[in-house]
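Take a look at the structure set out below.
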Amino acid sequence: MDFQRTKSTFELAGRGFPRVTWYKQRGMRGLYVCLLFVVLTSATNGYDGSMMNGLQSLPQWEHYYHNPSPSQLGLLNCIMSVGSICAIPFVPYTADILGRRTGVMIGCTIMCRILGVVLQTLGFTYGMFVGARFFIGFGVAIAHGASPLLITELVHPQHRAIYTTIYNTTWYIGSLVAAWLTFGTNKIQGNWAWRAPSLVQVFPSALQMIFIWFVPESPRWLISKGESEQALRVLANAHAQGNEQDEVAIHEKAHSNSDNDVDNLKDCIDEQLLLFLVATAGMLVSFVVWTICSARFAISGSKAAADIVVLMIFVFYVFYNTAWSGLLVGYGVEILPYNIRAKICYCVWLVFELFIVWKFHIETRNTPLEEIVKHFDGEGAIIGGDAAYEKSRQ
């Protein structure tokens, strides 16, 4: 397989150009450092999920909210997703109409992270805490929809796949930080045991709001708005140390409205598709072993089988993170053309889901669990304890 990093050149629009070292290029070096704060969008998402798991295990949090009932906990854990779903219609148009950089700023402030986190930290009532979770979900969706687009469309073609893939993997960094922080604040007596981890969540978004001003707008978005000269200046400053006559910058500008370049597709087939295949095959094998050993442990109580199950859990996620974690974002933004990249086909997918639910899901509202079999075997299905045993025996 031909990995481009082993070559002295990289391909752009069917032509070979000398490879560059990012930390030796003035404009590129500064851009990549500032884009790290855009990458924080994914890390803060991981922080939030882990933090909420931790808060619900804190006695101080449970006591303050009078031991929430199972239904209240269910609402609390799903409301962020509800906020994100409600934001979906706004996500692509925010990024396409207002700009990728503006989308990140809106996601971090007006629609939410900072607003939602402040409300969540105060959390005077359970309803206020739940409402804050909704705002956080709304803002996360907007920022998460714009951030990888801004990264992909600003990073040099030579580094684009690597930098974009790093984006989603930082979820685990945020998750680890939140888990350890919540574990540590458990020793605090009083409500700051849960308010402190919540308050810390505001700092990454605050850093993003500061450093986003040092990140230029996406050149592809500028071209879509008729700002071709400004787009060339951005590309030249980011990739060619300000030289607007640089061939790479000129070629990028010329091909910015065409995302089906041969080199992009070749990269997907030679490298990314292979990663998907290896990762998925590894997940399959490890999960099969995991399942078999779980069954053996249930039957015989074998300690060896239990140890293998624990090992397979780690192996499974190693393979998962080899491709799926990072390339869920990277693959999509690379292969989709500009005009639908921000939408990521959410609308089409939701229509598909709606059809599946309407056509194939079964209404079970008035059916006891013991009689569910009637929906699959017909009204003549044998139900009940003794009858079911007889059917099974036959």
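Cβ coordinates are placed from backbone N, Cα and C, and glycine is handled just like the others.
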Among ranges 46-69, 70-93, whichever one TrEMBL labels transmembrane segment: 70-93
Stretch-averaged pLDDT - the domain 'Major facilitator superfamily (MFS) profile' (34-394): 79
